[in-house]
């Protein structure tokens with residue numbers, strides 16, 4: 001956090017000054033470790049084992065927060081009898097189909113009820129149910145076949161089907177609590193120490209600090225850099241933390257939570273108003289071409305009948321009204337048919353593959369430098385070289401804009417400039433100080449920034465670019481319409497664009513669209529054009545317009561709420577008048593959990609929200625994340641729907657059951673509970689199960705994307721070391737914002753690798769000299785930094801060396817070097833399509849890498865020695881002793 | 001107000017601005033750099049360069065941990081040192097520093113990574129100023145020491161005069177440069193750029209008296225927490241430079257950070273030197289006179 005979020009780290013330092021214990025869990029000793037009270041240098045890729053050990057510690061020693069867990073989590077729910085755990089299946093859960101590499105989650109469900117997820121793979125539930133309704137309950141094969149084509153995600157749903165059986169005593173052998181207890185029983189301190197390469201004492205120290213600092217009087221927060229998700233089990237990493245925090249009662253309370261430190265300013269904003277392929281604003285799912293044929297079908301497949309997702313129809317209709325205005329009417333389903341549709345996964349890496357295959361013609365790169373920053377950057381460049389056109393919007397002439405003339409493949413002779421047909425348009429971008437706009441931070445807080453200076457030359461904001469691009473396209477289409485009579489197909493095709501509300505006022509000599517007008521549209525209006533103040537005002541009848549339901553009210557009363565900057569010292573400690581946090585300016589989500597089931601604070605020290613019996617409403621320091629007048633003793637009638645179906649003591653209002661999920665009956669692609677799997681490429685065998693890697697991980701076998709043999713597979717010794725990639729404080733991601741700046745470049749002027757003295761001695765690496773690193777994808781060179789901050793770990797009696805590689809560099813700019821991400825494989829977490837950047841394998845040798853064709857030859861020689869084929873590393877199911 | 005020569009050169013001096021001739025002046029301002037909370041982000045280095053428009057200092061990977069600007073110089077007015085230390089494991093004492101567990105490093109040593117942002121000390125007795133023949137270096141009303149680039153003639157006398165090796169000539173430019181404690185910001189009521197940018201308040205700016213009180217409290221708190229090595233550096237008006245306007249809290253010996261353990265203003269001995277020179281000259285005169293007088297005999 002000190003490395004990548006130095007400004008945010010000031011609050012950690014402030015907490016430390018006030019007595020907080022700072023624990024840093026990271027394979028590397030970083031600037032964060034230097035200031036932490038405890039540093040745990042675990043082996044890269046073993047966090048589920050470490051956290052699983054903590055869960056086992058909490059459960060086996062009865063250190064969990066009993067009242068909180070009983071009332072607020074799904075611990076009492078009883079799981080179906082035919083559910084099988086990793087304990088039974090040596091690392092697999094029931095429902096896995098090896099052919100399709102997909103899980104059918106039917107057996108994971110509660111006894112007596114099925115429940116849809118509020119987030120994640122929501123289609124699992126919808127598909128399951130349609131099949132069920134069609135009398136195909138046993139046709140698991142067909143379901144998983146369908147599941148393999150489904151890619152919609154985001155949050156929604158939360159629907160019950162039936163009533164789950166519960167055991168409030170938590171004694172039933174199949175209740176979630178007991179299932180969890182058995183599942184994590186093997187994560188003993190001894191095993192954790194073995195798998196993670198740490199000492200039992202280290203583990204105990206963290207376990208003691210964590211449990212001593214949780215409960216009624218105290219709370220513990222987890223903060224993670226998004227590298228925590230960069231694993232083939234990335235979502236399950238966060239799930240493990242969530243289970244632990246729920247067991248300790250650290251969710252929905254001040255000082256608790258799991259805080260994602262996003263990798264770039266407003267990455268939170270870019271998921272809320274998404275740049276992702278499978279969600280619409282406010283986490284509404286993107287409709288699927290073959291599944292959601294009409295608005296009713298779309299909503300009924302995804303909306304929950306209970307909880308706030310029950311209002312998804314109002315959110316969706318208001319979004320469509322914001323986009324298509326008066327044209328959107330009940331008669332035409334509010335232009336639902338205009339929305340783009342998914343046909344398969346259109347994730348970043350799927351797109352790269354399509355580019356290489358030649359089925360993706362054009363590409364926009366906006367503040368992104370895949371020729372340096374994306375996994376297997378070499379494969380990315382082959383994709384870019386195979387386009388018809390490419391638009392690059394960036395501050396500087398990044399490698400992704402110049403690969404066609406000076407990329408590594410030009411040097412190696414694999415590509416020639418004359419043969420690359422990609423037409424590249426480079427458009428200089430304005431920086432954040434050169435434009436108005438908002439940032440949304442990890443607390444979901446929107447903060448407005450005002451333009452300080454005009455952009456220079458041709459530099460323009462993204463808003464300017466997209467607004468005028470849309471304007472010009474619309475003019476062209478409209479011109480075509482008036483000039484000639486379009487065919488009905490053309491007219492039909494162009495209508496969604498021509499009917500868009502595209503009428504933002506512009507300002508100044510460059511005709512910059514008014515950013516506040518965009519915010520006002522996102523926040524929404526009622527039928528009379530008055531600004532909305534709450535998403536509860538949104539209607540299904542088309543009378544409201546709102547560009548993103550969770551941002552509704554950010555422009556309440558016609559005032560830019562996100563521009564509020566009342567100093568903290570002039571208001572309460574929660575500082576509600578600084579910026580604006582979605583939803584409804586709530587600063588802590590699910591804050592009903594900060595009070596006990598009866599509505600009283602868990603302790604005076606941690607009082608945050610409580611039920612005022614006289615006023616008959618929830619009061620406290622924050623906006624209640626709960627119906628303000630719903631009493632704690634409210635019990636929903638059996639036929640209640642939407643938010644009315646949530647009881648007065650059920651804080652998790654987005655979930656259909658109102659509870660925090662210790663166990664996930666549906667919504668995850670790789671199991672209802674986390675299990676430790678080794679990274680897709682690992683030098684060691686999984687000590688926990690016969691199953692080596694996440695069986696549901698997505699693999700991309702391709703000649704440009706070969707995988708190393710893993711675990712005990714012969715050939716894994718050819719790539720014996722673990723490497724982990726990361727960022728330095730001095731640079732920004734793929735370097736587009738930092739490598740051209742002299743003041744930053746001089747602080748970290750060159751690409752380097754960090755190795756331990758032991759590895760340096762073993763491989764003859766010289767401090768300050770050069771090393772060559774080889775993976776099945778590429779060979780790169782780096783200057784060597786020998787440091788005791790890198791530490792070998794002992795796993796199963798073997799010494800494993802870990803190599804640190806900051807990934808900022810490329811050939812352009814002031815500070816240059818090879819890109820570490822050349823080495824990375826494309827293999828993805830099945831839930832969110834994230835790549836593993838933190839734990840992969842390579843070899844390291846002294847000296848510089850070969851030039852020209854010899855560079856590729858070196859990579860191929862390694863592949864031959866390791867016996868790598870197209871199948872290597874792609875196996876789904878493994879048993880002890882190698883692939884089955 | 002009058003000052004003795006000793007006071008003017010080396011003895012404890014409470015009010016350097018008054019000594020410099022400011023009858024009315026604001027309180028003496030300075031830096032307290034608390035290295036125990038430095039996270040090595042180098043925002044101070046960048047903010048300093050941005051504000052003062054200092055040129056880039058070279059793109060060389062040094063291999064000195066994460067320190068690639070090496071030290072203070074004409075083009076580096078704030079410098080963050082990175083010191084990687086493997087020390088014997090003092091497991092029993094929680095220093096507020098991470099202790100790598102037993103066996104983590106060979107020989108049961110623990111690792112720590114010290115970071116410290118160094119800067120011109122703005123000495124009470126500033127030899128650079130004393131030796132400057134052009135008046136380019138001067139004492140401001142805030143008690144700080146500033147070099148004026150439009151007056152400096154590049155003679156370089158100040159460079160060896162500095163006991164800390166701070167001020168230096170810029171190659172290709174020839175003039176001497178160093179931290180001005182953002183004199184142009186102070187006058188406008190702003191804090192220096194480095195202090196403004198520091199996210200953890202490792203760099204604190206304020207009236208020197210207040211900073212000294214705050215520093216004393218902080219070092220006591222650290223001692224109480226078991227960090228017995230914590231110490232202040234440059235805070236003492238009785239030290240060899242009359243105390244620094246920019247002083248530090250360190251977690252180890254000053255040498256570990258590349259700081260001189262016992263700096264002395266290089267002009268301290270000037271009176272003695274001149275006295276001796278005067279005695280020698282008087283002796284010579286006497287001898288010559290005696291020789292002539294002898295001749296007349």
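Placement of Cβ uses the backbone N, Cα and C atoms for every residue, glycine included.
Automated prediction, rather than curation, is the source of TrEMBL annotations.
When B:155, B:162, B:182 are compared with the [4Fe-4S] cluster 3 site residues B:120, B:123, B:128 in TrEMBL, the one appearing in that site is B:162. Annotated [4Fe-4S] cluster 2-binding residues in TrEMBL are B:48, B:179, B:182, and among B:158, B:194, B:198 the one listed with them is B:194. Record note: among B:250-272, B:273-295, B:273-295 is the stretch given as transmembrane segment by TrEMBL. When the candidates B:44, B:132 are compared with the [4Fe-4S] cluster 4 site entry in TrEMBL, which names B:152, B:155, B:158, the shared residue is B:132. One way to see the shell of the [4Fe-4S] cluster 2 site is to take the Cβ centroid of B:48, B:179, B:182, B:194; the remaining same-chain residues with a Cβ within 8 Å of it are B:44, B:47, B:51, B:52, B:77, B:78, B:119, B:180, B:181, B:192, B:193, B:195. Look at the domain '4Fe-4S ferredoxin-type' (B:29-59): DSSP puts its residues at 13 helix, 6 strand, 12 coil. Here the CA atom of residue B:162 ([4Fe-4S] cluster 3 binding site) lies 11 Å from the CA atom of residue B:132 ([4Fe-4S] cluster 4 binding site). For the binding-site residues given as B:152, B:158, the lowest number of other CB atoms within 10 Å of the residue's CB is seen at B:152. In three-state terms derived from DSSP, residue B:198 ([4Fe-4S] cluster 1 binding site) belongs to neither a helical nor a strand segment and is classed as coil. Other than the site residues B:132, B:152, B:155, B:158, same-chain residues with C-beta atoms no more than 8 angstroms from the centre of those residues' C-beta atoms, the [4Fe-4S] cluster 4 site, are B:128, B:131, B:133, B:134, B:136, B:137, B:147, B:153, B:154, B:156, B:157, B:176. The Cβ neighbour count for residue B:155 ([4Fe-4S] cluster 4 binding site), using a 10 Å radius over every protein chain in view, is 16.
For residue B:162 ([4Fe-4S] cluster 3 binding site), the nearest neighbour among the binding-site residues B:38, B:194, B:198, judged by Cα separation, is B:194. Per DSSP, the domain '4Fe-4S ferredoxin-type' (B:143-172) is made up of 4 helix, 5 strand, 21 coil. In this entry, nothing among the binding-site residues B:48, B:120, B:128, B:155, B:158, B:198 has a C-beta under 8 A from a C-beta of chain A.
The domain '4Fe-4S ferredoxin-type' (B:111-142): residue composition by secondary structure is 5 helix, 13 strand, 14 coil, according to DSSP.
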